[in-house]
Amino acid sequence: MGVQGLWKLLECSGHRVSPEALEGKVLAVDISIWLNQALKGVRDSHGNVIENAHLLTLFHRLCKLLFFRIRPIFVFDGDAPLLKKQTLAKRRQRKDSASIDSRKTTEKLLKTFLKRQALKTAFRSSRHEAPPSLTQVQRQDDIYVLPPLPEEEKHSSEEEDEKQWQARMDQKQALQEEFFHNPQAIDIESEDFSSLPPEVKHEILTDMKEFTKRRRTLFEAMPEESNDFSQYQLKGLLKKNYLNQHIENVQKEMNQQHSGQIQRQYQDEGGFLKEVESRRVVSEDTSHYILIKGIQGKKVMDVDSESLPSSSNVHSVSSNLKSSPHEKVKPEREPEAAPPSPRTLLAIQAAMLGSSSEDEPESREGRQSKERNSGATADAGSISPRTCAAIQKALDDDNDEKVSGSSDDLAEKMLLGSGLEQEEHADETAERGGGVPFDTAPLTPSVTEVKECVTSGSSANGQTDSAHSFTTASHRCDTPKETVSLARAVKEASQISSECEVEGRPAALSPAFIGTPSSHVSGVLSEREPTLAPPTTRTHSDQGIDIHPEDPELQNGLYPLETKCNSSRLSSDDETEGGQNPAPKACSTVHVPAEAMSNLENALPSNAEERGDFQETIQLREVPEAAARELISAPKPMGPMEMESEESESDGSFIEVQSVVSNSELQTESSEASTHLSEKDAEEPRETLEEGTSRDTECLLQDSSDIEAMEGHREADIDAEDMPNEWQDINLEELDALESNLLAEQNSLKAQKQQQDRIAASVTGQMFLESQELLRLFGVPYIQAPMEAEAQCAMLDLTDQTSGTITDDSDIWLFGARHVYKNFFNKNKFVEYYQYVDFYSQLGLDRNKLINLAYLLGSDYTEGIPTVGCVTAMEILNEFPGRGLDPLLKFSEWWHEAQNNKKVAENPYDTKVKKKLRKLQLTPGFPNPAVADAYLRPVVDDSRGSFLWGKPDVDKISTFCQRYFGWNRMKTDESLYPVLKHLNAHQTQLRIDSFFRLAQQEKQDAKLIKSHRLNRAVTCILRKEREEKAPELTKVTEALDDAKGKTQKRELPYKKETSVPKRRRPSGNGGFLGDPYCSESPQESSCEDGEGSSVMSARQRSAAESSKISCSDVPDLVRDPPHGRQGCVSTSSSSEDDEDKAKTVLVTARPVFGKKKLKLKSMKRRKKKT
């Protein structure tokens, strides 16, 4: 720490020094202050402590010292003196309190952080935008303020866009380089290539096309035989065509990106666009054209009841794709068939969209003629009227599919619809005599019979009794009064299988057609009861397949299979304005294998509580209006359940799964049903059955789990909506203010914690050992001081073992140091050199006065006086002069008297300084003599020994850096190589400034005292010292004169010196006076001449007459002139003799030039005379 404020007082006496000027000097280094600086000052960019900061600091500073070829001697601190231990004990208490405060601050910091996080969460939940600050609200915008950016540009980052674009360009460049090296390496069909942006793909493909066109022979050799040349040309043509196709696809993709918005907008309005194409106009750079193909508006098509639709009006029928339920076609006769088969529907879509988007658009007249021709052939019997009606319904159902349908539902609807349509068409052909007989393949019988009942509407109690509920896809039939026999169902199944065989596909059995032998058919008669529907209500009609046991074909066993309607869907959105709408009640038998039921039982919860929780209504999917739900219930032992269609009382209809069958009942029923199987059925292979049933079971379980997840999300959303918003009534401005306050508090707490950590840090013995190890590796000597390192460095300086000390601790002056280098390792400051002689002559501060300043300012041995700075301390020394501790004793005595006489009127003769000093507070026992004794007689090692320096061990230093710093060999060599290069350089030439001392330059660099109070105090101190030493000087001179007995002769030089104009000194300045007169002021020169001549005369007489006066008095006289010289500089008054001398100095120069002028005039006169 040193004496507080002492460097500020001494800065006027220091001057800059270049580090190169210190080359070859032996300097002592106080390493203790280094360790403290590294421990408390070295931090990273975030203010955190760096690991092994003391070693890192020592390493870099060692390299700097050796780079300038300085020979350092490091001094470590020893045991602290008693006074310093007391001071350290007080500091330790402050450190402990600081560590406790640091922990408390950490807790506060954590709480503040949590509060801020809670506020951020509240902001995110309450709004999406940041609240406006008060400055933004109250500020009035200037007229030149630009409008705010759009939201997209605010949230977008140019740097992120640039990074993404750079990544794309790098990927493109890599692909191009790879293609140029190996053209066969790039696969344009790969996923990586497809994921590239269209622009990049287009550019790469274009480059590939040009490359293959020009440089094909480089990577593909020409055929040796002429017969193979045609094959070579064909391969090239195919590759070119292959690239052209990809380039066209990429161009379409780019056009679609530009024109996709137009197409989406047109479709949202209800229209239909076949294709939209956008390309640039070649003649104009900024123009594009947009080609729209297949525009069809949203129109209501009214079909005449007498005319039947044909293939010529397919496009007109397709315009009802977006039409509402009120705008549906109403034919004269209700069609008796369902929508067409998938093959028929695909053919219709192909006819609507065209064979290829590349074909040029045909004219409207040509297309109408083609449609007339195709319509003539279609009327001949290719498409029946029922098929056209089914097509109309299929197109109408596309709109309903968005609400309650899915891809699986559409597939099943198309399969079922195709079977019904073809069955009706087969009946017509049979009536005309064109029927074709066909065979039906028997289906594998199922094991367990499960009755399926489908209900429309919501149940009254809203609860379900089923523990094993699952949903499947359903099919909507728009003919509620139609009754389909079992024979027709068998025909449909067989016809579907035959169609699959013709198309080359495996006959996948639809879930809607699964049959069992006729011996196990449990017929269910459908009872139809009309249900009254109130006006403006939405009715959902369900169609079930009625199985008639009275059917003669069924009784005769003509068709050995029975149909099973596996599922039915409620999707009709017809609205009735009034009247009654009869809704049929249908029930069908569902057959589920035993393995499927066992797998379902294993997948469901085992215990009763979980089963009870599992009994709930499962919503299939959410729809904005009418939502359909299905219910498939396991059969009861009593018999089949009936399916009713009820009117929906809520916004959306749903289907519930209800069952009261337990696991044991299911197992018993499955065993009973298995006993009814015939021997012939048992012998049939079951592989296909097991595969089908396992697949169906997996689908059912997966659907069940998906529905449960959807139900859970829906309940969570409902709970979130019902939950009240806790932040609704909170003012956002208050939250803003609170957040800003918390942020400011968090920053202040961080700074406070870092400061407390610095205070709590302390140097340990382990740090000393590690630092000494690093010094040994560099070959630098070090010593362990008995107590204070500063005192040991001062001792080395006093005994001339070193040329100075590198330190920033001002305590070294109090221990008697003479040369100190400061700011050597500060990059922002120059190296400053301080000498004891300089500030002794300029400020009048000797060692005793420096110790007195330590009493007043505070140091490592004393606390000092509060509110006392360097200026006030100098004023105290000026007000109470004396030697040693006399000034402080006088000051303490006066202060106690002033405190005792507070009530008495103040002394009118007191100065302003004393009036201020009355307010100070002195500690009891001030001043303590032990402090001065500790500075004047420190415990040091005064032995004189030689110091040796070695060369750095590079290998061991690299190992040390790797262990403590984590550096590799390369990084260590980067720091050591410049140092080793300078150490190994052999330089014998000396610098020019080593031969002489630039005294004039040093005087010019000397800084002036800026403070007027300090300047006045220093001037008074120097005058008083000169006055004190004047009697001593006169006593010495009188003693010398008495010994010579020539007192009168001694006065003669003073009288002769008044006639200085007659005395000339040799000078090399061409007629001007010597250097002392030119570089110094007249006062300085007069003082120097007066005192210097007396000293020189005293020396001559003492040497000539061999006086008995001791030689110890002479050095004191020699040391006195600097004080007298400085006194002459600082004081404003001087003697009359000095003024006369100054005048005579100016006069003496005139006669010299005047005589020359007289000589010149006399010479001219002589020439004229001659």
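For all residues, glycine too, the Cβ spot is worked out from N, Cα and C.
Given the structure is predicted, the values throughout are model-derived calculations rather than measurements.
Just one of Asp30, Asp44, Asp96, Asp101 is listed by Swiss-Prot for the same Mg(2+) 1 site as Asp77, Glu788, Glu790, and that one is Asp30. Of the candidates Ser485, Ser705, Ser810, Swiss-Prot marks one as phosphoserine, and that one is Ser705. Between the stretches 819-835, 921-937, Swiss-Prot puts its region 'DNA-binding' entry on 819-835.
Within the group of binding-site residues (Asp77, Glu788, Asp809), the Cβ with the highest number of other Cβ atoms inside 10 Å belongs to Glu788. When the neighbouring Cβ atoms lying within 10 Å are counted for each of the binding-site residues (Asp30, Glu790, Asp811, Asp860), the highest count belongs to Glu790. Taking a C-beta cut-off of under 8 Å and a sequence gap of six or more, Lys8 (N6-acetyllysine) has these contacts in its own chain: Cys870. Checking each of the binding-site residues (Asp30, Asp77, Glu790) against Asp809 (Mg(2+) 2 binding site), the C-alpha distance stays within 10 Å for Asp30, Glu790. Break the region 'N-domain' (1-78) down by DSSP state and the numbers are 38 helix, 15 strand, 25 coil.
Taken residue by residue with DSSP, Asp860 (Mg(2+) 2 binding site) is part of neither helix nor strand, so it is coil. Rounded to a whole number, the distance between the Cα atoms of Asp30 (Mg(2+) 1 binding site) and Asp860 (Mg(2+) 2 binding site) is 16 Å.
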